[in-house]
Amino acid sequence: MNENEAMQLELLRKQMAILQENLDQFFMIINGMFIFFMQCGFAFLEAGSVRSSNTVNILMKNTLDVFVGSLSFFAFGYPFAYGRPGNSFIGHNNFFGANVQYFEKSVIANNQTLGGYETSSSYFANFFFQYVFAATAATVVSGAVAERADFSCYIIYSFTITGFIYPVGAHWVWSPDGWLNTGAGTGLSMQDYAGSCVVHVCGGMAALAGAKILGPRLGRFSDDGLDKPIPGHSVPLVSLGAFILLVGFLCFNGGSIQRISKNGDGLEVSLSVTNTILSGSAAGLSSMLTHRVHSMVKGKGKYWSLLMTTNGGLTGMVASCAGCNDIAPWAALLTGSVAGVVFVFARQFVLWLKIDDPLDAISVHLFGGTVGTLAAPILAIRGQTINGVSVGGPIYGGGVDAWRGVGWSLVGLFSIGLWSGLCCFTLFTTLDMVGLMRIPKSVEESGIDMQKHGEHAYPETFVRIIDDRPETPRKNKVVKRNVASALVDKSLPAITTSAWDGQHPSEAGSSTNGCIEDPTRLSPSTAYNRK
């Protein structure tokens, strides 16, 4: 090879390296955008699950997760999670984007730093992708504390979890310096590909702490401890949000490889998204069937619940996060089936504890994440990395080392759950002591939107006034009312958004199939006139 050919070969090598780097970053950014869109799914899901007079408030909290979270994660969260150099507990570099070489065009192999400075090409792509994961963990809590958490409390919480609590757990598992990644001298490395533990157990424990300290919504449980459901105002919004989240999870798991230019990357991505949808589907069906059987046994009727089915499907996708890139499709079906059943009984367990969780966030994320964290090392094909060598799960002949890997996942599950739970319990307890945790009773009774935001999700509301004459129960009168007066007028009868069968709505209030609205929480969905 002459000198000219060698120069051309070297130039080609550099061009291929540049193309590879740009392609990998484009892959991360595109998947990150779809994961970011999951915030829209959470917004719809949570808005539909609360009463109409609290819709603006819950949407405001989701908006804050995006805006406050981005600032907090850029300034502190990403440096704590991935700032290098760092120690086994936490990172400590690149605060506020410091020590980043802007517009650096050199290709640095394996994303190594150059003279203590990280190139912007790797830094900003990684920051954005990791930020949307942090925002997901933060959003889990907003649903669990819905309709009663003070606005100031949520701002402080959102800043803290994205800026400190979540990043520390992410550092432990996903940073090259983290102790759960390096094994702390054991030679083990925790298997959590897309965050069943790092994201969802962390968020689920935070939700548990918040909901427990806040206490239930007014009227959620009777004086003798009986469950009194408070359905949201729009099942269609919940369903739409769930579908958006289902799509987002495909990118959440498929994009976690964070590259697409190496041999075998396409196969890993395709396996990840396949296992994700299989796990979600199996969980949705198993939760639907389990809930129907459970309802029959308890004498509550024979219902095919849409809400239980969609939440079950989300639980299965949460469970798939840990090992979706390293399990066979049959294992994904098994994981999802177990997760769906666990969701149904976890929900009953949370109610038994008298914890009010309007969106079942604890059952979906904490328990779903736990199932996934434990299933991944057991069902893995390649399994744990032990002393630099991949060891398959126990069912693939991994032997004693495989069970050591399962034990290390248990250590990680306990550590991250304990870290998130203690931090959030301390934070919420402190806020409760200074009176920043819960809104006043009068605000909770009348609705948060008008009292705290001066805005209502449905400014013009049609209220159906039912004729007093018992012989003509179908003669209704529709009156256009100003929402401000509707909010305080408690003389109106309760109404239901499900089809009216001639039964007085107050008598239909025991049904959990429709969305039963308090007259102080009206929405356009209640504005129909039976003819």
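Backbone N, Cα and C atoms are what each Cβ position is placed from, and that goes for glycine too.
Per TrEMBL, the features are:
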- 522-531: compositional bias 'Polar residues' (COMPBIAS)
- 27-458: domain 'Ammonium transporter AmtB-like' (DOMAIN)
- 498-531: region 'Disordered' (REGION)
- 26-45: transmembrane segment (TRANSMEM)
- 66-83: transmembrane segment (TRANSMEM)
- 127-146: transmembrane segment (TRANSMEM)
- 153-173: transmembrane segment (TRANSMEM)
- 235-257: transmembrane segment (TRANSMEM)
- 303-321: transmembrane segment (TRANSMEM)
- 327-350: transmembrane segment (TRANSMEM)
- 362-381: transmembrane segment (TRANSMEM)
- 406-431: transmembrane segment (TRANSMEM)
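No contact links the transmembrane segment (235-257) to the transmembrane segment (362-381), because fewer than 3 Cβ pairs that are 6 or more residues apart lie under 8 A. Outside the transmembrane segment (327-350) by six or more residues, the chain places 274-276, 278-288, 290-291, 294, 308, 311-313, 315-316, 318-320, 357, 360, 362-364, 366-368, 371-372, 375-376, 379-381 with a CB less than 8 A from a CB of the stretch. Outside the transmembrane segment (362-381) by six or more residues, the chain places 140, 144, 191-193, 196-197, 199-201, 203-205, 207-208, 211, 283, 311, 314-316, 318-323, 326-328, 331, 334-335, 338-339, 342-343, 346-347, 350, 355, 392-396, 402, 405-406, 408-410, 412-413, 417 with a CB less than 8 A from a CB of the stretch. Within the same chain, residues 39, 90-97, 126-127, 130-131, 134-135, 138, 155, 158-160, 162-164, 166-168, 170-171, 174-175 sit at least 6 positions outside the transmembrane segment (66-83) and bring their C-beta atoms closer than 8 Å to a C-beta of that stretch.
Long-range neighbours of the transmembrane segment (26-45) within the same chain, counting only residues 6 or more positions beyond its ends whose Cβ lies under 8 Å from a Cβ of the stretch, are 58-59, 62, 65-66, 125-126, 128-129, 131-133, 135-136, 139, 142-143, 237-238, 240-245, 247-252, 254-255, 258-260, 359.
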